[in-house]
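Following: one structure in structure tokens, then a few remarks.
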Amino acid sequence: MDEVLIAIAVVLVAAAATAAVFHRDPLRQSMVLSLLGLFLALLYTFVQAPDVALSQLAVGSAVTPLMILLTVRKVKRGPRSGSEDR
Amino acid sequence: MSRPVRLWVFLVGAVLVAALYAWACFDLPSFGGDHHPYGDRAVRTALAQHTANAVSSVNFDQRAFDTLGEQTILFAAVLGTVVLLRQVRGERRTDPTPAPVADRVRWFGVLMLPVALVVGFYVVAHGPLSPGGGFQGGIVLATALHLLYIAADYRALERIRPVGLYEVGDAVGEAAYVVTGLAAVLAGSAFLANVVPHGTFNTLSSGGTVAVLNIAVGMEVACGIIVLLARFLDQAVEIEETAEETGAR
Amino acid sequence: MAAGELLPLVVAVPLLGSAVLVAAGRRLTRIAADALGAAFAAGTVALCVFALIGVLEGPAVAWAGGWRPKDGLGVGIALVGDPLGVGLAALASVVTVAAFVYSWRYLEEPPPRHAGGFPALLLLFQAGMCGFTLTGDLFNAFVFFELMSVVAYALTGYRVEEPRPLQGALAFGIVNSLGGYCMLLGIALLYARTGELGMAQIGRALGTGEPDALVLAAFVLVMTGLLIKAAAVPFHFWLPDAHAVAPTPVCMVLSGVMVELGVYGAARVYWTVFAGPGGVSHSSCTRTLLVIGVATAVLGAAMCWQQRHLKRLLAFSTIGHVGLFLIGVAVLTPEGVSGTALYVLGHAGAKAALFACVGILLARYGSVDEYELYGRGRELRLVGVLFGVGALALAGVPPFGTGLGKAVAEEAAGQQAPWLPAVFVLVSAVTGGAVLRAGLRVFGGAGPRPPAEKADGEPETSGAEEEPETGDRLGRVPGTMLAVPVALLAGALAVGVLPGFAAAVGAAGDHFADHTGYLGTVLGSGSALSHVSASPHWTAAGVVLDLVSTALAIGCAALAVWRPGRTGHPGASGWWTPIRRMQSGHIGDYVAWALAGVALLAVLTVPGMLL
């Protein structure tokens, strides 16, 4: 049973990671990255590393995507011009 | 390099590296085996040190010096962000206009905020006992605070988030770790030695310095991540370049 | 206090200093923040010196947390103070102090309430470098490797007002993070095999049995990480891009110490972890490092000659010298190690002094372009003299430490292959000559005036119209900014002439190259030094070769200045252009080359090991 869960999680991680690479738009990328973080957290849970899963969940699915989103917002806003379309 | 050349260089390198790595993997011990020389020693040591969470015992006692380095990496990254995302010549601050928030979102945030905070404190406090600890709990605490940004608006977040204070908290967490290590030296033992009485197994105060270092890390991580996100929010919401500077580019 | 007990303090003191600076930084004035930072850095120098005096007798070990292994089995992390490691920690600390003193009057006024940022980062950098040199644990080495990296990215991009520092920092960050991943992957493989993370413990576990693909992959991956840090070909692309844009005091530390720590790490890891029978054979390791080293040395020197952007010129000369250092350790003898160590010490002084001089030019004229600055440095006579002396030291003129180190490393390399000394002579002559050429033009106004505008299609930046890092252009050169290069050059000289110094470095090399001795020291079985080599000293042959390279450097420089048509810049149409264009600034290119480099390392190492 363990092996099956681990195998599923590994496949999901690989799929999400590949998807993250092939998405060119940073916004979508950050969403896929968040999903990848979730799958990784699952994988870590299945291989009995709950504390690593917890870190992964917090950093990989919350903080990192948030930082990417904020960066994208800053870059898209550009100098001055963006202040109207908020 | 032109695109195709770059791709070829990359592919040749990637194929060879993949082959090497796959070859190496055949020499790995088989998955799920029970030969763990370090793991067995570490768990034995953790029990002897009255630390129920063996991982915390490794992180804050047996290999506490690694954790010092790791928490310093986060400290350095936050400091680097503060330095790089500073407001420079030709940039000015604008007041963000509050955006309307849907009622459901507002209620979600208001309900989740206390829950998330309690979970964060729980995870930090129980570091020596159960999975998690200062690092994990610290991040939960830091992200919890940002529910306010979702539920209310940026200004509500700013009101409960005096960044200067959190910067100090970040540094105090870092310093507390180093000072705990130095205190052991002053007590006549080795740097970062677990010289405090180890307490009763499986109680909140057990593990000696594990509990102390765990809280130092929790403080550093929570404050550090808040400062980090504050700098990012600052750039994304408040700071903008002025026209003259743009023209100069 | 015993030397061993001082080792953790060497890391803890600068860490504490940076925490104090961040906590108090909002209330400190700039002068107070800089003075506090410099005091912590200088205190660490003192600790390093005391520890160094203690370990000259023999290496000391400190177990963090007091986790001394029982019966050779333990759970803790060892800090190992062998003379070479502690010596490098001392060097890193001294150069950090120099950077502190130099930046005192150099960097632009920091924004209000942020005075603590820059000094705190410098202290963290110092702690990272010291930790990396002192640790005896492979994973812990990775942690400090990452700490050095993270701080260095931030310091490189410090001048955020301009786009180029950020681009340079980004290239630096991405390529070095890749190195970090590789190193971690290699450590994971070694842990899976041996169940140990300590260098000595892994070395003991690999001391029996046959090498296999796992050991090969682990060696290649760990070496990749360290060689990326060392900016060896083909992992070197990040270095010129980063060094050209980093603030000058930061360049002094990056070029003078951090890059060399990559070479140190590679040598340390080989000798402690892989030198046993179950590891990588001597001949395989020698072949790999030698090929990479020669390629790095030649490419660095050739690229150095072609630059007119002074900071890029110095950056490429660092690459050339890193190549020589790699050759010096590649021969895997104690003599090679001690020669390289002397060379690194001398080079750090000379290179940091040269960067300090270029910083003065940048602060005063807002340019680091050799052509644009033609003759303008004539009024800075002392700086000109320092620059010239630095150039000659780089070429290896006796009695500078660079000359002694080069001579000793050269002789050790000559035992491996008789043509290797020629590489040493040529590379040091060309890099020294390039710097001398720039000095003659800038400070002497020698030769015809070079065309100021950029030739069409010239691949690299010229360095004209840079923003001075001082904020405003300097009128008078502050005394601190002059004192630093003087002291650094004096240090480089002292390495070569101080009686007893070379002998101490020789003993350090013996300890460093002693695989069983290291294992015995760390694991408590104890063992006497297995091999005592003759101490390095000036030899007639060494002095002659040093003088040859110095003469060649002067000749190259003179020819380039007074006969620019024949030897000057080949411009855009030279045969060398394709290679210059490889330095494209495109991070994708750099990553592709890095990956190809990993494969190259594997291909170089595998013959005689598994095939």
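Any Cβ shown, glycine's included, is placed from N, Cα and C.
No curator has checked TrEMBL annotations; they are predicted automatically.
These come from TrEMBL:
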{"type": "TRANSMEM", "residues": "C:6-24", "note": "transmembrane segment"}
{"type": "TRANSMEM", "residues": "C:36-64", "note": "transmembrane segment"}
{"type": "TRANSMEM", "residues": "C:84-104", "note": "transmembrane segment"}
{"type": "DOMAIN", "residues": "C:136-429", "note": "domain 'NADH:quinone oxidoreductase/Mrp antiporter transmembrane'"}
{"type": "TRANSMEM", "residues": "C:141-158", "note": "transmembrane segment"}
{"type": "TRANSMEM", "residues": "C:170-193", "note": "transmembrane segment"}
{"type": "TRANSMEM", "residues": "C:213-232", "note": "transmembrane segment"}
{"type": "TRANSMEM", "residues": "C:244-267", "note": "transmembrane segment"}
{"type": "TRANSMEM", "residues": "C:313-334", "note": "transmembrane segment"}
{"type": "TRANSMEM", "residues": "C:382-400", "note": "transmembrane segment"}
{"type": "TRANSMEM", "residues": "C:420-440", "note": "transmembrane segment"}
{"type": "REGION", "residues": "C:447-476", "note": "region 'Disordered'"}
{"type": "TRANSMEM", "residues": "C:482-508", "note": "transmembrane segment"}
{"type": "TRANSMEM", "residues": "C:538-562", "note": "transmembrane segment"}
Selected stretch (most C-beta pairs under 8 A with the transmembrane segment (C:420-440)) from C:244-267, C:313-334, C:482-508, C:538-562:
C:538-562
May I ask you to check whether the transmembrane segment (C:141-158) and the transmembrane segment (C:170-193) make contact, with contact taken as at least three Cβ pairs under 8 Å and only pairs 6 or more apart in sequence counted?
yes
The transmembrane segment (C:36-64) touching the transmembrane segment (C:538-562) per 3+ Cβ pairs under 8 Å rule:
no
Do the transmembrane segment (C:170-193) and the transmembrane segment (C:213-232) share at least 3 Cβ pairs closer than 8 Å, excluding pairs fewer than 6 residues apart in sequence?
yes
With pairs restricted to those 6 or more apart in sequence, evaluate whether the transmembrane segment (C:84-104) and the transmembrane segment (C:244-267) have 3+ C-beta pairs under 8 Å.
yes
Return the stretch with the most CB pairs under 8 A relative to the transmembrane segment (C:213-232), choosing among C:6-24, C:36-64, C:244-267.
C:244-267
Leading contact stretch, C:36-64, C:313-334, C:382-400, C:482-508 vs the transmembrane segment (C:244-267) - CB distance under 8 Å:
C:313-334
For the transmembrane segment (C:382-400), distant same-chain residues with Cβ under 8 A (at least six beyond the ends):
317, 321, 346-347, 349-351, 353-354, 357, 360-361, 406-407, 428-429, 431-433, 435-436, 439, 442-444, 477, 482, 485-486, 489, 492-493, 495-497, 538, 543, 546-547, 549-550, 552-554, 557
